[in-house]
Amino acid sequence: HKLSVAPEMDIMDYCRREWRGNTPVAIRMRKGYEAVAQKFASIRTVRGDNYCALRATLFQALSQATQLPSWLQSEKFTVLSENLLSKYDWIKQWQLKPKLDRKMGEISDEIKDCLILLRKKWKSISEIKSPIEKQEACDKLFKNEEEEYSLYEALKFLMLNTAIDLYDADKSGGTVPVFSWLLFARDTSSDPCQLMLNHLNQIGHSGGLEQVEMFLLAYALQYTIQVYRLYKYSTDEFITFYPNDPEQDWPVVTLITEDDRHYNVPVRICEESAV
């Protein structure tokens, strides 16, 4: 099995291999990598197949998980698919990745299985005390294609659930974060059904996550996603946070992107910056 997240390599070795030459872009990328290398010693490259934002975020979250997030512990979590499908018939058009070796069942059962798997994996990895063993467990999971893609279905479904909550809150006059207005201001996602059909169903198939959907992912997981956007080096968007005003108690995961389309993960925090 091919590992979806490659073994770590020195971050500056990687940079020199990828960005030779003296074009303005190459120079900017090298400076961006040098800045990241002040904090992180290594990089692990992530398979690029339109799931890479989900893959990089989940890999980082599981790699540092020490407990099960409260939303994963809730009683309602495993019946989420049944509850939503009983309210919104259009969710039947959810596009599941075809299973490798069996016929598809009822959509709510399929999604429920994905959600239960997410809880199970998160729980077992978060209970591992040894950092080396935790990393080995993550590597093993991200080699198991069937399980890995089931986890992305769970994440996408959680994003849909979060979008529905935000949409309903806004319609009933509640306060919602700014990104939520932007999400539903697009012609292609004026409501949660459109968002599902034109965006969430495409993730992993014909498209990845757009900027505004990175906010949605962060809210769905209740994680702050910190991204080094290398092509924005020397601007105030070089380090971007999703959301930009995160909750104090949300854990933080860090990703690297060269173009806002493909994401890799920095690992091994440098000794100096860890102090």
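Cβ atoms are placed via backbone N, Cα and C, with glycine included.
What TrEMBL annotates here:
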ACT_SITE  Asp49  active site
ACT_SITE  Cys52  active site, nucleophile
ACT_SITE  His262  active site
SITE      Glu237  site 'Linear diubiquitin binding'
Integer Cα-Cα distance in angstrom, Glu237 (site 'Linear diubiquitin binding') to His262 (active site): 17
Residue pair Cys52 (active site, nucleophile), His262 (active site) - Cα distance, angstrom, rounded: 6
Cβ neighbour count within 10 Å of Glu237 (site 'Linear diubiquitin binding'): 11
Fewest other Cβ within 10 angstroms of its own Cβ, chosen from the active-site residues Asp49, Cys52, His262: Asp49
Residue pair Asp49 (active site), His262 (active site) - Cα distance, angstrom, rounded: 9
